[in-house]
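Novice: Quick one: the structure is below, and I'll ask about it shortly.
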Amino acid sequence: MKILPGETNSNWTEWKSYEDILFHNSGDGIARIAINRPEKRNAFRPKTVCEMLDAFNLVRNDEKIGVVLLTGAGPDKKGVFSFCSGGDQSIRGQNGYEDDEGTQRLNVLELQRLIRTLPKVVIALVPGFAIGGGQVLQLVCDLSIASENAIFGQTGPRVGSFDAGFGSSYLARLVGQRKAREIWFLCRKYNSKEALEMGLVNAITKIEELEAEGVIWAREILRNSPTAIRILKASFNAECDGIAGIQELSGYTTQLFYSTDEAKEGRDAFLEKRPPDFSDYGWTP
Ligand code: S0N
């Protein structure tokens, strides 16, 4: 199935086959995950989210991948493109979205956290509707590029739901408190130019060029230092994410510390059952 109409010069190969998503590897450091329910405007059900969690975890553990493009497959039979229209309302029960076993879940929260803490760059490519929980997914990506026809918006207060986590607090960090309140309280739709003006997206392209533009951005990122980018991402998160954000950032500095002779002396002294000798290491100004 055609995902986006752009020519990318990327040699995409299928990484793993799923029912609700498409998952490809460019072979040069980029993964592409596309929600593939275009007839439902790419609304997600628990299975869709489980598959995305699985794909993102495969990405997480592959040292060759530095950038993920998250998008929506399309168009549908009427020619409409979507990024994602949020939770599938047709299977929404009393406590969440019902999976094939009858369990009700809101597992998209796990996915938001995984994208947020993935030690790689996630770029949303928005080829059409990004509504409800779909708009939140593009929000939690590190960068977002929209096609000219993209439409953004929230529907929660109209359809009996709300995302009071990243969907509202982090939105307010990006677009400001007044605009965030407007988006949620009025449930209006915004075009890509308005989304760019309010800081919801980084750039706008023609839909034909959306995927190619994502690949260009990805390749520019891939030329840079993976460790620097990983720690910068954690640092941007830490500013908003409380102790969980500090844990993420400080954990990476601990990993860097492991590689120093000073840290190795502590480990070796323990294993050799002797007191550690840190006298070679100064209290750097
Ligand atoms: C996207 C919209 C604006 C597109 O309008 P358009 O082009 O007129 O198409 P439609 O004819 O409306 O739709 C085409 C077909 O697709 C189905 N469909 C569309 N969206 C959904 C959906 N979300 N669920 C199920 N089906 C969907 C239509 O039914 C139609 O099918 P047919 O042809 O068979 O009739 C427009 O479609 C629209 O407004 N969609 C609904 C958007 C919406 O309200 N989404 C849900 C919002 N809530 C969430 O996403 C909650 C999940 C969440 O992330 C969350 C996270 C943390 C904490 C809380 C929450 C929470 O809010 O619960």
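Note that Cβ sites are derived from N, Cα and C of the backbone, with glycine treated the same way.
As annotated by TrEMBL, substrate binding site applies to Arg41, 85-89, Tyr97, 129-133, Thr155, Ser161, Tyr258, Lys273. Among the features that TrEMBL reports, hydrogencarbonate binding site is placed at Gln154, Thr155, Gly156. Look at TrEMBL and you will find Tyr97, Tyr258 tagged as site 'Important for catalysis'.
Help me picture where these features are in the structure shown.
Specialist: Spatially close to Tyr97 (substrate binding site) yet at least six residues away along the chain are Phe44, Arg45, Pro46, Gly87, Asp88, Ile91, Gln104, Arg105, Leu106, Asn107, judged by Cβ distances under 8 angstroms. In the three-state DSSP reading, Tyr97 (substrate binding site) counts as strand.
Non-local contacts of Thr155 (substrate binding site) by the CB criterion (under 8 A, 6+ apart in sequence, same chain) comprise Gly86, Ile131, Gly132, Cys187. Thr155 (substrate binding site) falls within neither a helix nor a strand when secondary structure is assigned with DSSP, and so counts as coil.
Counting only same-chain residues at least 6 apart in sequence, those with a Cβ under 8 Å from the Cβ of Tyr258 (substrate binding site) are Lys264.
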Novice: For hydrogencarbonate, what surrounds Gln154, Thr155, Gly156 with a Cβ no more than 8 Å from their Cβ centroid?
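Specialist: Other same-chain residues near the hydrogencarbonate site: Gly86, Ile131, Gly132, Gln135, Gly153, Pro157, Arg158, Val159, Ser161, Phe162, Asp163, Trp184, Cys187.
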Novice: Please list the binding-site residues from Gly86, Ala130, Thr155, Gly156 whose Cβ falls under 6 Å of any atom in ligand 1.
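Specialist: By the Cβ criterion, which requires under 6 Å to ligand 1, the hits are Gly86, Thr155, Gly156.
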Novice: Need the DSSP three-state call for Tyr258 (substrate binding site) to compare against my parser.
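Specialist: The residue in question, Tyr258 (substrate binding site), is helix (DSSP, three-state).
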Novice: Work through the binding-site residues one by one (Gly86, Gly132, Gly156) and point out the residue whose CB has the fewest other CB atoms within 10 angstroms.
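Specialist: Result for the binding-site residues Gly86, Gly132, Gly156: minimum number of other Cβ atoms within 10 Å at Gly156.
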Novice: Please name the residue among the binding-site residues Arg41, Asp88, Ala130, Gln154 whose C-beta has the most neighbouring C-beta atoms within 10 angstroms.
Specialist: Ala130
